[in-house]
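For reference, the structure is listed below as structure tokens.
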Amino acid sequence: MVFRVRPAGGLWMAGDNYDYDLVIIGCGVGGHGAALHAVGKGLKTAILTGGDVGGTCVNRGCVPSKALLAASGRVRELRNAHHLKALGVTVDNVKYDRQAIADHAKNLAAKVRSGLENSLTGLGVEVIPEKGSVKGPHEVQAGSRVVRAKDIILAPGSLPFVPRGIEVDEKTVFTSDGGLRLDSVPEWLAIVGSGYIGLEFSDVFTALGSEVTFIEALDRIMPTFDPEIARLAERLLIRPRSIDYRTGVFASEVTPGIPGEKPVTIKMIDANTKEHVETLEVDACLVATGRVPNTKECGLENVGVEMDRGFVPVDERMRVLTKKEGVEVVPNLYCIGDANGKMMLAHAASAQGISAVENIIGRPHAVNHNAVPAACFTHPEIAFVGLNEDQAKDKAKAEGFELGKSTGHFRANSKALAEGEGDGIAKVLFRKDTEEILGVHVIGLHASDLIQECANAVAAGQTVRELSYMVHTHPTLSEVMDSAFKGAVGIRTH
Ligand SMILES: Cc1cc2nc3c(=O)[nH]c(=O)nc-3n(C[C@H](O)[C@H](O)[C@H](O)COP(=O)(O)OP(=O)(O)OC[C@H]3O[C@@H](n4cnc5c(N)ncnc54)[C@H](O)[C@@H]3O)c2cc1C
Ligand SMILES: NC(=O)c1ccc[n+]([C@@H]2O[C@H](COP(=O)([O-])OP(=O)(O)OC[C@H]3O[C@@H](n4cnc5c(N)ncnc54)[C@H](O)[C@@H]3O)[C@@H](O)[C@H]2O)c1
């Protein structure tokens with residue numbers, strides 16, 4: 001690989017008669033991360049945005065949802081008279097302006113989107129507002145023209161999955177796309193699916209006054225979370241709120257309503273017997289049943305790639321493979337982010353983008369997905385890295401080691417108590433023989449920030465003993481982690 005120096009004030013020159021060294025299809029956080037790294041490494045780079053700079057995360061995902069969670073979280077806190085009284089604070093008559101909260105989310109997305117676009121153009125990435133598809137090796141159809149690139153990265157992201165039988169009008173029956181617009185605060189909202197999106201939206205809508213009914217296909221609520229954390233989450237995020245739920249049922253038929261005139265109807269069937277069990281009439285319904293890859297129009301058939309339920313098969317270096325189980329790498333073609341199905345998270349997408357570029361410039365690299373943290377931004381938050389307890393138990397059994405578990409408690413933490421937020425735990429799962437950390441799960445105030453230390457430790461291969469000797473600031477929430485680490489190696493903290 002030859003590294004080139006950008007000519008002063010000029011454009012990069014691509015080598016070997018290519019228009020670009022690298023063309024990226026899709027300008028979400030994955031494509032953006034890849035583009036910035038590529039120009040930093042001297043590659044003449046273009047990114048095809050399809051007119052949607054920022055993609056899901058910025059426009060319809062992380063950014064607006066966190067804005068709604070921040071605003072609605074304040075409403076919940078200020079309306080919690082009992083909690084505030086314990087701190088000696090009285091607040092009367094807390095009101096909110098629905099449209100102003102919706103505008104906060106919309107304006108934040110616009111601000112982040114513009115910052116993201118400026119960072120690309122400022123660094124010399126060519127931003128092309130066309131849709132792109134792979135036409136053949138080194139060739140990308142970009143709107144009406146064909147561009148040639150030495151390497152191509154696909155980053156087309158994902159779309160909401162809507163199960164058969166559910167009719168979405170994005171007004172009374174909406175996906176997260178419609179929900180984020182906060183067009184109304186329904187009195188009674190059904191949420192189909194109790195994963196990340198369902199939980200975060202239940203936090204927003206109950207804070208603003210809605211009653212929520214979860215409809216979950218699997219046999220327990222929050223089935224994608226560590227079982228102990230899910231039980232605690234039920235105690236903290238479900239039971240004290242106006243939320244009820246059904247498990248083991250599918251929403252088999254959902255029909256939109258007319259606000260103020262006709263309710264939304266939801267027919268439910270038993271997940272096993274498929275027999276009708278109940279019909280609900282509610283004011284609105286959020287469909288939060290997962291996401292599907294947005295790869296239909298990427299032209300992968302032109303290079304002989306067989307997708308797996310729409311996901312693009314890749315190896316650990318993000319190189320596209322002809323088949324899921326195939327060994328053939330498609331030369332000079334990479335796929336990152338939600339579209340490859342490895343981990344549907346924004347920071348995973350950008351890490352994969354950087355990794356793909358490293359591989360392109362001849363420095364072999366693989367993202368360690370075991371060390372990628374995840375967080376659900378409810379109040380309180382849930383965060384984790386690595387294996388859950390069931391997975392860790394299975395691994396211990398299969399590999400014949402003893403599983404260690406140590407728990408720190410927010411109720412024993414001075415800072416959490418000062419905040420009046422003593423609910424929650426942090427648990428560390430580790431191998432007793434090597435003291436390797438297998439997984440960490442936190443539910444409690446600022447769990448999403450607390451998990452980072454653990455993710456870094458897993459990435460660096462630090463043992464729980466090494467972490468137990470690290471010094472944590474007093475009084476901070478990080479001492480919840482400290483007590484879990486110390487407990488793992490028999491050091492008492494209280
Ligand atoms: C409500 C919600 C909240 C979320 N919150 C979080 C969170 O808090 N933290 C977190 O880590 N993750 C969160 N996520 C997930 C996160 O948004 C995704 O993991 C992330 O956006 C994936 O990035 P990506 O670059 O792979 O794809 P995307 O962000 O989906 O971007 C892909 C882009 O490519 C474009 N595109 C598609 N096809 C073409 C084509 N042929 N030509 C040109 N462009 C094309 C798309 O229009 C889109 O702009 C959330 C998701 C949702 C829905
Ligand atoms: N904070 C975050 O990082 C964050 C926030 C939101 C979304 N996301 C990402 O977006 C993706 C999608 O989120 P999600 O919550 O939609 O998906 P999810 O996979 O987390 O949860 C979907 C839930 O819906 C249930 N389900 C599926 N079909 C059903 C049906 N017909 N009837 C009833 N229940 C059904 C599933 O059992 C599951 O519990 C996630 O993979 C996540 O990575 C991340």
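Note that Cβ sites are derived from N, Cα and C of the backbone, with glycine treated the same way.
As given in TrEMBL:
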type     : residues                                                                       : note
DISULFID : Cys57-Cys62                                                                    : disulfide bond
BINDING  : Gly193, Ser194, Gly195, Tyr196, Ile197, Gly198, Leu199, Glu200, Glu216, Gly290 : NAD(+) binding site
DOMAIN   : 372-484                                                                        : domain 'Pyridine nucleotide-disulphide oxidoreductase dimerisation'
ACT_SITE : His474                                                                         : active site, proton acceptor
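All features noted in TrEMBL, drawn onto the structure.
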residue : record                       : CB count, 10 Å
Cys57   : disulfide bond               : 26
Cys62   : disulfide bond               : 18
Gly193  : NAD(+) binding site          : 24
Gly195  : NAD(+) binding site          : 18
Ile197  : NAD(+) binding site          : 23
Leu199  : NAD(+) binding site          : 24
Glu216  : NAD(+) binding site          : 24
His474  : active site, proton acceptor : 10
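Note: the NAD(+) site is recorded as Gly193, Ser194, Gly195, Tyr196, Ile197, Gly198, Leu199, Glu200, Glu216, Gly290; in the same chain, Ile191, Phe201, Met222, Thr224, Ala288, Thr289 also have Cβ atoms within 8 Å of that site's Cβ centroid. Residue counts for the domain 'Pyridine nucleotide-disulphide oxidoreductase dimerisation' (372-484) by DSSP state, with H, G and I taken as helix and E and B as strand, are 45 helix, 34 strand, 34 coil. Only Cys57, Cys62, Ile197 of the recorded positions listed as Cys57, Cys62, Gly193, Gly195, Ile197 bring a Cβ under 6 Å of any atom of ligand 1; the order follows the sequence. The 6 Å Cβ screen around ligand 2 retains Gly193, Ile197 from the recorded positions Cys57, Cys62, Gly193, Ile197, Leu199, ordered by sequence position. Residues Gly193, Ser194, Gly195, Tyr196, Ile197, Gly198, Leu199, Glu200, Glu216, Gly290, recorded as contacting NAD(+), have a largest CA-CA distance of 15 Å. DSSP assigns Glu216 (NAD(+) binding site) to a strand. Between the alpha carbons (Cα) of Leu199 (NAD(+) binding site) and Cys62 (disulfide bond) lies a span of roughly 14 Å. Closest to the residue listed as 'active site, proton acceptor' in space, going by CA atoms and restricting to the recorded positions Cys57, Cys62, Gly193, Gly195, Ile197, is Cys62.
Predicted-model confidence for the domain 'Pyridine nucleotide-disulphide oxidoreductase dimerisation' (372-484) is 98, expressed as mean pLDDT. Gly195 (NAD(+) binding site) falls within neither a helix nor a strand when secondary structure is assigned with DSSP, and so counts as coil.
The DSSP secondary structure for Cys62 (disulfide bond) is helix. You'll find the Cα of Cys57 (disulfide bond) roughly 20 Å from the Cα of Gly193 (NAD(+) binding site).
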